[in-house]
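Notes follow the structure.
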Amino acid sequence: QPAPWAAVLQDEEVLREAAAVAVDAALLEGVLMRTEGFPNTSDVVNYAPFTLLPSVVPSALFEQAYAVQQDFNLLVDAISQNKEFVEQTLASTVKVDDFTAQLFRIHMQVLEEGLAQSVFLGINRSDYMFDCGMDGIPALKQIEINTIAASFGGLTSRTVAVHGRVLKVLGKFEEASRLLPNNPSKGLALGIAKAWELYGSPSAVVMFLVEEVQRNIFDQRCIENELWNRNIRVIRKRFRDVFEKGSLDDTRRLYIDGREVAVVYYREGYVPTNYDQQNWEARLLLERSRAVKCPDIATQLAGTKKVQQELSRPGILEMLLPGRAEAVARIRATFAGLYSLDMGEEGDKVVAAAIADPDRFVLKPQREGGGNNLYGEELRQALEKIRDSPERTAYILMDKIKPQPAINYLLRAHSPLQASECISELGIFGVYVRRGKEMVMNRAAGHLLRTKAIEHADGGVAAGVAVLDTPYLV
């Protein structure tokens, strides 16, 4: 269904004026990033890329995505506690993927030693696309679930106001009033605050573990502000700071610079380039500690592509969520076709099918962050090369989702204003806190809509491809 402002898209002068208003509104609202030239200082900033107009989203699918989030929270938490399932599922992957293997080694070491951590905090984001099937009726299909460093909860909180302003400038007051308020940074901070409180040491701090290159600092500052507003002290440290200054006392409480750390919130540590030998040692120190890790290493492993593919096998969800038939049905309804490339007859058949018809599929490695997936001809060439080697088990194969494109304008610093055919991806933030066996908090915490021009098959906002957007429900 076309947007109620479709007619406006014909008038170039009106669009130019709207774009100028939009950029100033983004700066005013704090939809900001540091620049590539000065990634570690806020002397120079610019607006984070965003769409000129909100994108139309079917309200039934939007509601479905929210309704299943608590189920996904329970599922991720259940996986993280199921040592046998994680071990069996990743057995083939750890043989060929060094990064997953290294995380897995820390996981096993921490379990062997016995967990010091008793409070668990999960912040995840489940991402979906709207698949237009043969019948043309869009369906909600999960792309992936991000269990570590799920970003843009802060900036997306500030994007609604920008799109509201643009719609008003275009004379669409009624439509502007229908944009839903959305504040994930508040919901995520509530989870962190709850974990901090249950940790039970009022003088302890929350540590944001941050990247070496911190262009997206304002997104994190939104969450940080919510914590300061609750009089919770926040510190920002990198892995190298932990390596140099971190220590555990005899009850495995974590100290850095003489301060006790109650919660470690990872915004780093999800790709191999985040680690060298020192950083792996720092990660082990953090995982051995009593501090609440968001996520703990088991939860990071629960977010791997291989686990996602295993979940789509018959009976697996039932095993992980016993007695929760409705939750299982809601989760399964969002699954796209996922296929194993494990060695053996089944995997061979899958590989052959993908080589024969590469446009039906996406080939995904075990990686967080955009920019790693293979499509079409690249997919075929890659599979030809590894079809008979165990290396293929480092990937999963997924049905390619075919959304209905819509026209929008992507606003990026120093880029000309031009119409693009775009597709959108909806993420729902989930937050949960568990103490021992008791779920203390389990909720959806807001949403993120990201939109990209269809010439980019892959990529997140951070990869410089998808931009921030706001859903307009129809």
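Positions of Cβ are set from backbone N, Cα and C atoms, glycine also.
Summarising the annotation, TrEMBL assigns substrate binding site to R125, 148-151, 214-216, Q220, 267-270, R450, 461-462.
The Mg(2+) binding site annotation in TrEMBL covers E144, N146, E368. N146 (Mg(2+) binding site) counts 21 other C-beta atoms within 10 Å of its own C-beta, drawing on all protein chains shown.
Per TrEMBL, the feature ATP binding site maps to E144, K305, 364-373, Y375, 398-401, E425, K452, D458.
Look at TrEMBL and you will find 204-302 tagged as domain 'Glutathione synthase substrate-binding'.
In the structure as shown, the Cβ atom of S151 (substrate binding site) sits within 10 Å of 19 other Cβ atoms.
Here the Cα atom of A149 (substrate binding site) is found 18 Å from that of P365 (ATP binding site).
Of all the Cβ atoms in the protein chains shown, 18 others lie within 10 Å of the Cβ of K400 (ATP binding site). In this structure, the CA atom of Y270 (substrate binding site) is 23 Å away from the CA atom of K452 (ATP binding site). Within 10 Å of the C-beta atom of R215 (substrate binding site) sit 17 other C-beta atoms, taking all shown protein chains into account. Cα spacing between Y375 (ATP binding site) and S151 (substrate binding site): 25 Å, rounded to the nearest whole number.
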